[in-house]
Structures are given as C-alpha cells and as structure tokens.
Amino acid sequence: MPRSPGTRLKPAKYIPVATAAALLVGSSTLFFVFTCPWLTRAVSPAIPVYNGILFLFVLANFSMATFMDPGVFPRADEDEDKEDDFRAPLYKNVDVRGIQVRMKWCATCHFYRPPRCSHCSVCDNCVEDFDHHCPWVNNCIGRRNYRYFFLFLLSLSAHMVGVVAFGLLYVLNHSEGLGAAHTTITMAVMCVAGLFFIPVIGLTGFHVVLVTRGRTTNEQVTGKFRGGVNPFTRGCYGNVEHVLCSPLAPRYVVEPPRMPLSVSLKPPFLRPELLERAVPLKVKLSDNGLKAGRSKSKGSLDQLDEKPLDLGPPLPPKIEAGTFGRDLKTPRPGSAESALSVQRTSPPTPAMYKFRPAFSTGPKTPFCGPNEQVPGPDSLTLADDSTHSLDFVSEPSLDLPDHGPGGLRPPYPPSPPLNTTDAFSGALRSLSLKAASRRGGDHMTLQPLRSEGGPPTPHRSLFAPHALPNRNGSLSYDSLLNPGSPSGHACPTHPSVGIASYHSPYLHPGPSDPPRPPPRSFSPVLGPRPREPSPVRYDNLSRTIMASIQERKDREERERLLRSQTDSLFGDSGVYDTPSSYSLQQASVLTEGPRGSVLRYGSRDDLVAGPGFGGARNPALQTSLSSLSSSMSRAPRTSSSSLQADQANNNAPGPRPGSGSHRSPARQGLPSPPGTPRSPSYTGSKAVAFIHTDLPDRQPSLAMQRDHPQLKTPPSKLNGQSPGMARLGPAASPMGPNASPARHTLVKKVSGVGGTTYEISV
C-alpha cells in the first residue's frame, strides 16, 4: 500500500483492507481467548502454539503484501522521451527465448512497457510482472510482493482451517451449554472463518495453479498465452522455486529521505571572501557594441596598465561657425604655410566614422584673385591626378532654388552660390573632372560640348592634384572656393597656362578650342534620351562649412552690389511644366520694370523674342535659357497647382521685386549682378543638366514646325483664361506684337548633356 507523497488520501479504498485486518485480528483473538484454553487442557497444549505461530505468519505476509513496493517503474521525465516520436508505433516486438513478445507504448509513463508489465488503472503506475490489484491489501500485486501475497493466501487458508476445526471440536464437547458465552463466541468465530474460507481457499488454489504454470493473473485472464507457448515458464518445480526462493527484485522507485531543513542564510546572501577577491572593472564596450562588465582578482589588477580603456577613436573637434569663417578669411601669420593655406579640420561624421577615412590634410590653395599669382611646388599632370578620385568620394548636392508662394520647396537647405565666375567655373570643372575620372580611368581624353555661336569667355581654370577630391574625403571646402592651382601657375583669369588645359563642357569655348561635336536632335514625341545622373552632390558637406560659405557669399555680394551700377536684368527662370499642349505655351519672360524684372508667361517662342533681350550674344540671356532648359529637362515635373499659383502672382498689375519669384531664402532681397551666372542645384539624386544655348543662322519657322509637329498646340487655358488673357498687356512689357510665335523667323537650339537638344522658334 505504498503511496506517493503527492497523492490524496482516499478513505474509501482503505475499507476493504481495514475490514480484512479487523476480521483477521478479531477472529483470531477471540479464538485464542475463549477456545484455546480448553483445547490446551483437554486436547494438547500444542494446538494454541500451532495456531499462534500460523497467525503471526499470516499477519506478517499480509503486512508485506500491503506495504511493499510491487515493482513500480518510474515515469519518464519530460526530456527523457524526446527521442521517441509521438507518431511511434503503439507496439514493439521483442524476442524472449525465440518467441516474439509484444510491448505496448504507455502514454502515461512515456515508455514501452517491458514484457509481463502492465499499467494499473487504480495505482496509475506501470508494475513489473503485474498480477492484479488486490483491494484487500490495497496494493498492486507484482514481482516484488507476489511472493508475500501467495504466502499470505497459503497461511491464511491453513489458519482458517485450524480455527474452524478446533472451534468445531470445542462446540461438540459443549453441546449441553450452547448458550454459554464461551460456546457462543466460538460459534461466531467459526461462522466468520467458515464464511471467508470458501473464497480464500478458492483464491489460494487458483494462484497455486498459476505459480506452477508460471503465469500471472493478468496473463491468465487476458489469454495472452492461451493455446500457445509461454516463454516465461521454467517448469513446475522451477516456477515454484522462482516464486518462493528467488532473490528479491530491486526497487526502481526510491523516495528521498525526509531530512529537516537546517540552512541558515545571512542577509547579504554573498560570501565575504568573494567580495574581497573580486573587484569589478569599468564597463568596456565590446566590438559588437554590447557592454560587458568584467571582474578580475586583485592580483591581476596590479598588472594592468594605467592607460584608460579603448572606447574607439576620438570624435573630431567641433568648430563654431564664426571662428571657422574667420580662420578662412584671415590666415595666421605665424608660419609661411599658414599664409598660403587654410587650416582645415574634419567635419563631424556619422556614426560609422570608424569605417570612413578622414579628410586629407595636404597643402591647400587660398582664394586667388584676378591679379594674383600663387607659386607652389611642381604638380602632376591633370590626367594622372584624375585617378585619385576613388571611393569614399562624397557627392555634393546643389539645392534647387526655392520656388514662389505656390511652388515647391527643396527638401534640403539651399546651398549658397559661389563668389565669382572663377569659383563657379572651378566648381563646374570639378564636377566634370570627377565624372570623367569615374568613367574613363587613366589619361582619358575629355571631349567638351560646344555651344555654337556663343561668345568666347576667358574663365578657364585648372585643378591641381590637391584641388581635386582625394580618396580620403569628400569634395573639399577649398575646391569650392579655390579653383586655382598651387603648382606655380597663374590664376584662372590669366591666359598664360603652363599645362594642357581642360575645358568644361558647361562653359563657353574660346577661339582656340577644338571643335565640338554637333548637338543631337531631340523629339519631344519620342521622349528624352536616357541621361546619366550628375556624379556630384554637396549634401555631405557639414553645416558649418555651408554656413561659412553662405556668410562669405552674402558679404561679397553686398560689396559687389555697392560697386555695381546696373540693376539685375533677370532672376532665376521659372519652372516648366510637362511637355504637353498645356505646358509648351508656358515660358518665363522677364521684362525690366521700374523696380525689377516682371515674370510673364507666354509661349516658348516669346522667351527669346524682342529687342529687350539684347540679341543672341547676350551672356545673361544664355544663362537664363540654360536655367530654363535645365528646369524643362528635369523630372519629376512641378505640379500644375504650383505653376498656376505662380502665374496668378505674375498676373498682378503691379511690378514685382527685382529678385524674381524663384529665390532661395538666403538670396531674397539681393539682386544678382548682370553677368554672374547662378549655380544650378541638385536635390537628392536628381540630375540637372547644364544646357548652353546659341543662336544659329535664321531658319523659317515653318520648317521648324514641320519637323516638330508637337509644337503646334491648340490654345489652352491658364487659370480658366486663354493664353492671351494670361499675358500682361503691352504696357508692362516692351515686347509688343513680337510675342506671337507665328511671327518668329529664327530657330533657337538648346543642347545639353546626354544628347538632349531643344529647338525654340525665335
């Protein structure tokens, strides 16, 4: 009757065993008290001795069968049966003495039951050599306690026979006084013994047969070996010997000894010797960015160096905008090099600065004026130095000019324009040279584009090796402001140049320049040709550098404005809409008014018509057309809502400020000089091409319209009005009747990078 510690006590299952024990002990006691004294005097004193010894043997076997472990197999742990799949077969066959015996999977105990093993539904355990569950002993009868159960049956049967026999003898001798107490009690004991004698004798005989045949009650009832051969039999004598004389089987389940818990915990719950030996170190940043706290003993701490932990390379110094700009303009007179170069520091870099090379600290070139010449060491040729533009070259980004009230805004802060035409041409050559070094490799011959009929310009400059972006940084700050060469050459405005010059395709050619390939034709119907994006963006420059450029630009522009005697002819061009019948008639025509230029919408032919623009040789007109063509050729287009909002502002009766509607916030209120071109801008990865225009020989407008039928567009409406209503009157513009596209006799060619060519009727 072993019970696991977690099982609940059920009184009902103890009723049979309590009844059996009470009957056994009660009847035997009454027999020994009322019957045995007379038997001892009348028959023999050996009768009480025999019955007493037999009673003790019955009681001992009963106790062993009740409280002994029958041979319970322990259940499998959760991690023990992981190898057995839940889809494993329900049965497995094993060979026992050449005979296959089936083993069944136990879903409760999670293992295959050994042969002759069965799961007891009452005890809920798998018992080895399971015979049956006996309620009279409240225990399973298995391999370990079957011997005691069998002996209990044998001894109980003998004891019951003795009690009934000796009781009957007492009654027969006291038949005259059946009403006496001793005779009545003896008759009651005989009735109890006789009542249980038949089932006990029957059960004992059944188990005698099973023992002699080598079977269990479970095997006999289920008929496992019925009509077959029993592989577990050892013969009659061998089976009896195995049951009665074999050594006791081991116990598989051992309850842990219950020992009192005598553990005293101290408040810190830490061993003091560990605190003395272990000294925690500072938190160290591992290579993967995780913080790891390490501890070492005092002995190892004595051998540590005094240098601090390596937490990565130091961050670059932060320089305020005012100090940085002042150092650029006034170099320190302490050394000769400081007079020729500007101290440049690395701007703050992103979080991955560990994997990006630092900026170069080579010799720098100061800003070169028109009449200054800076001597310097010998330099390499331009073709060799073009190969130094390797990886990690940041692509600067020029921002698009801000639009008007209804227009678009660039997503990045606007970049200020460069100071002079020399700086502008130097920046353009930097863009072209970097694109050529990426595509061509070493000693690549750069073929510039040529603008037919354009006036010659003296603004040609060269880049020294240190003026180009090197492999260790992005486009330097000096390359934006200092296009001059430190290699002993003259400034860009001087005609005497020592080495082979490179002509940018974005500048007007000189009289001695090689001929350029003719521009390719363009058809708006077929769509534009694929163009390569500009390789340069200025969005990687730090805000400190850009702020200093803006500050210097504003100061020099104000000084130039004081010296300038003429007002600005025009501002930045408007934004052209998509090439459709609606948008081909929209162009930006600027006429000079009392306070500045007035923006006017008309056809594309109105752009270059009239005497107000000074003819085809006007460089300001060419710059305006370049900005217009670049705005027409970039994608994505501006929305119609922003264009109509600009038109509504332009249709106002009063004149507008001279700065135009499309100005960046940094340039509002500052009219540009007449001949100073404005730097185009790049936003994100958009490519804007610099387009040069020229005026070829006069051609009939009818031929142009026949070649390009898409220019013949029906009249469209702007803001609900016809194109004629949308334009300003003759009083606001000196164009007069020349605004009609049907009266022009010239064809204007607008060519750009990538083979894009526009023809505009003049």
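For all residues, glycine too, the Cβ spot is worked out from N, Cα and C.
The active site, S-palmitoyl cysteine intermediate feature in Swiss-Prot is assigned to C134; the stated evidence is sequence analysis. Residues or ranges marked as compositional bias 'Pro residues' by Swiss-Prot: 408-417, 511-521. The compositional bias 'Polar residues' annotation in Swiss-Prot covers 471-485. The compositional bias 'Basic and acidic residues' feature in Swiss-Prot is assigned to 551-562. According to Swiss-Prot, the feature phosphoserine maps to S335, S603, S624, S672, S679, S722, S740. Feature annotation from Swiss-Prot assigns omega-N-methylarginine to R439; the stated evidence is a large-scale study or a structure entry. Per Swiss-Prot, region 'Disordered' is recorded for 289-350, 362-423, 436-537, 551-574, 626-684, 707-744. According to Swiss-Prot, the feature topological domain 'Cytoplasmic' maps to 1-13, 74-148, 212-762, an assignment based on sequence analysis. Under the heading topological domain 'Lumenal', Swiss-Prot lists 35-52, 170-190, citing sequence analysis as support. Residues or ranges marked as transmembrane segment in Swiss-Prot (evidence: sequence analysis): 14-34, 53-73, 149-169, 191-211.
For the transmembrane segment (191-211), the residues of the chain that approach it from at least six positions outside its boundaries are 23, 27, 149-150, 153-154, 156-157, 160-161, 163-164, 167, 217, 220, 239-240, 243, judged by C-beta separation under 8 angstroms. Cβ atoms under 8 Å from those of the transmembrane segment (149-169) belong to residues 24, 27-28, 31, 35-36, 39, 43, 47, 50-51, 54-55, 57-58, 61-62, 64-65, 131, 134, 137, 141, 186-187, 189-190, 193-194, 196-197, 200-201, 203-204, 207, 211, 243-244 of the same chain, restricted to positions at least 6 beyond its ends. Across the topological domain 'Lumenal' (35-52), DSSP helix (H, G, I), strand (E, B) and coil residues number 15 helix, 0 strand, 3 coil. As a summary of secondary structure, the topological domain 'Cytoplasmic' (74-148) carries 3 helix, 28 strand, 44 coil according to DSSP. The average pLDDT computed for the topological domain 'Lumenal' (35-52) is 91. As a summary of secondary structure, the topological domain 'Lumenal' (170-190) carries 14 helix, 0 strand, 7 coil according to DSSP. Only residues 6 or more beyond the boundaries of the topological domain 'Lumenal' (170-190), in the same chain, are considered here, and those with a CB under 8 A from a CB of the stretch are 27, 30-31, 34-35, 38-39, 42, 163-164. Counting residues 6+ beyond its ends, the topological domain 'Lumenal' (35-52) has Cβ neighbours under 8 Å at 28, 159, 162-163, 166-167, 169-170, 173, 182, 185-186, 189 in the same chain.
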